[in-house]
Amino acid sequence: MASSPTLLQNRNFRRLLAADAISHAGTQITSVALPLTAVVALQAGALDTGLLNAAQQAAFLLLGLPAGVWVDRLRRRPILVTTDLARAALLLTLPVAWWLDLLTLPHLYVVAFGLSAATVFFDVAYRSYLPTLLDKDQLVRGNGAIESVAGLSRVAGPGVGGWAVQLVGGPVALLADAFSYLASALCLRGIDAHEALEDRPAERRALSGEIWEGVTFVLRDPALRAIATSAAVSNFCGAAIAVLQVLFLIRTVGISPGLYGMLLMAGAAGGLVAAVTSGRLAGRIGQARLIWLAPTVCTPFALLIPFTGAGWELSWFVVATLMTATGGVLFNVAQASYRQAISPDHLLGRVTASTRFIAWGVLPFGATAGGLLGELYSTRDGLWVVALAQLLSLAPLLLSPLRRMRNF
């Protein structure tokens with residue numbers, strides 16, 4: 001465990017942060033390039049786009065809980081390196097298929113699911129690895145630093161991705177993400193922190209028993225239960241919005257892929273500011289208060305998205321995404337720090353995986369629902385429905401013990 005007074009004096013944390021920054025930058029390009037490849041290059045419809053987004057998230061539902069067990073059984077750094085290499089290999093198949101004129105929507109679905117599977121293991125291991133490198137009182141600042149580099153990537157990545165798709169095509173743009181995963185793996189290989197497997201239980205029980213241990217830890221803690229439930233509702237609606245907004249802006253409003261990327265880049269600036277200031281805000285407002293206050297203030301701004309139109313009316317989308325990103329990042333920093341602070345190390349992977357299973361397992365259903373709404377109704381009407389439904393995500397937080405807590 002690190003004992004240095006500042007995060008940047010911790011060499012291993014710097015390398016972890018560098019790996020995260022590099023891979024996040026590429027991932028943000030893919031988040032724009034993959035659906036734009038489907039919509040622009042392969043003429044995908046609303047349901048096709050919804051299924052693609054569902055494939056990108058399906059592994060959180062199918063593999064989320066077993067991933068937590070394996071992360072707790074194994075050393076976490078090798079998991080991070082292996083999943084980075086797997087994601088690079090998957091992405092490299094897309095430009096090759098494009099150059100051979102063999103790229104199809106089913107190929108995109110397979111790659112999207114493969115990326116999702118590798119990301120499940122990477123994300124669970126990554127968050128579980130952080131307490132190995134930092135002291136407990138550094139976790140909020142450490143998570144804030146991680147969200148800061150993610151915020152930088154969200155600011156720059158969509159703009160770069162949108163213009164890259166417009167200039168060279170989606171499959172070629174995806175090469176950047178493949179190389180980013182290779183660079184991330186190199187950074188992670190340089191970390192030399194000791195992982196004490198001997199501190200974890202030596203006896204391995206049935207997989208289902210170990211999974212249930214993590215699930216019950218989450219369900220028995222009222223605050224963790226509220227966090228996971230709120231995130232599930234919010235993420236379901238957010239996945240639907242993600243499907244609808246690309247079709248709404250490209251086909252209904254009529255903007256170019258490059259401008260679409262720029263709009264996402266402008267909105268992501270809010271997330272960056274939130275990440276940079278999260279530690280200071282947690283100190284002033286209270287760590288626990290930030291978990292419920294940030295989404296309460298920011299979630300209603302999603303109702304501005306359906307007002308978006310051409311010209312100055314694009315500003316509605318910018319304001320909406322800026323504010324919802326701000327609330328989402330502040331919530332993520334605070335709730336991740338709470339989970340890391342209260343979970344024993346031998347359970348942290350399973351607690352993280354259980355929380356993400358509940359919170360992210362709904363993503364493929366939300367994406368599919370968004371696609372169906374886009375097919376049955378207009379994309380604008382669909383955005384109204386899911387933006388209103390997203391307000392329900394506030395109820396579990398406002399009714400939880402977090403309202404009576406300041407810090408944890």
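Note: Cβ is positioned from N, Cα and C throughout, glycine not excepted.
Residues annotated as domain 'Major facilitator superfamily (MFS) profile' in TrEMBL: 223-408.
Here TrEMBL flags 21-42 (among others) as transmembrane segment.
Outside the transmembrane segment (54-71), and at least 6 residues removed from its termini, the chain residues within Cβ reach (under 8 Å) are 34, 79, 108-110, 112-113, 115-117, 119-121, 124-125, 128, 207, 210-211, 214-215, 239, 349-354, 356-357, 360-365, 367-368, 371. What TrEMBL lists as transmembrane segment is 54-71 (among others).
Sequence annotations record features per position, and here TrEMBL assigns transmembrane segment to 78-100 (among others). Using a Cβ-Cβ cut-off under 8 Å and counting only residues 6 or more beyond its ends in the same chain, the transmembrane segment (78-100) has close neighbours at 19, 23, 30, 37, 70-71, 107-108, 111, 114-115, 118-119, 121-122, 125-126, 129, 169, 171-172, 174-175, 177-179, 181-182, 184-185, 188-189.
Look at TrEMBL and you will find 106-126 (among others) tagged as transmembrane segment. Same-chain neighbours of the transmembrane segment (106-126): 16, 20, 30, 34, 37-38, 42, 51-52, 55-60, 62-64, 67-68, 70-71, 76, 79-80, 83-84, 86-87, 90-91, 93-94, 97, 349, 352-353, 356, counting only residues six or more beyond its ends whose CB sits under 8 Å from a CB of the stretch.
Annotated transmembrane segment per TrEMBL: 232-253 (among others), in sequence order. Taking Cβ pairs closer than 8 Å, the transmembrane segment (232-253) reaches residues 35-36, 39-40, 46, 49-50, 53, 57, 260, 263, 295, 299, 302, 305, 308-310, 314, 317, 328, 358-367, 369-371, 373-374, 378-380, 382-383, 386-387, 389-390, 392-393, 396 in its own chain, all 6 or more past its ends.
Taken from TrEMBL, the feature transmembrane segment covers 259-278 (among others).
The transmembrane segment annotation in TrEMBL covers 290-308 (among others). Within its own chain, the transmembrane segment (290-308) is flanked in space by residues 223, 227, 230, 234, 237, 241, 245, 248-249, 253, 274, 278, 281-282, 314, 316-317, 319-321, 323-324, 326-328, 330-331, 333-335, 338, 380-381, 383-384, 387-388, 390-391, 393-394, 397-398, 400, 402-403, which lie at least six positions past its ends and keep a Cβ under 8 Å from the stretch.
Sequence-remote contacts of a segment are chain residues at least 6 beyond its ends whose Cβ falls under 8 Å from one of its Cβ atoms, and for the transmembrane segment (314-336) they are 127, 140, 143-144, 147, 150-151, 154, 227, 231, 234, 245, 249, 253, 255, 263-264, 266-271, 273-275, 278, 281-282, 287-288, 290-291, 294-295, 297-299, 301-305, 307-308. Feature annotation from TrEMBL assigns transmembrane segment to 314-336 (among others).
What TrEMBL records for 357-377 (among others) is transmembrane segment.
Beyond its flanks by at least six residues, the transmembrane segment (383-402) meets 222-223, 225-227, 229-234, 237-238, 240-241, 244-245, 248, 288-289, 291-292, 295-296, 299-300, 302-303, 305-306, 369-370, 373, 377 of its own chain at Cβ-Cβ distances under 8 Å. Here TrEMBL flags 383-402 (among others) as transmembrane segment.
In the predicted model, the domain 'Major facilitator superfamily (MFS) profile' (223-408) has a mean pLDDT of 87.
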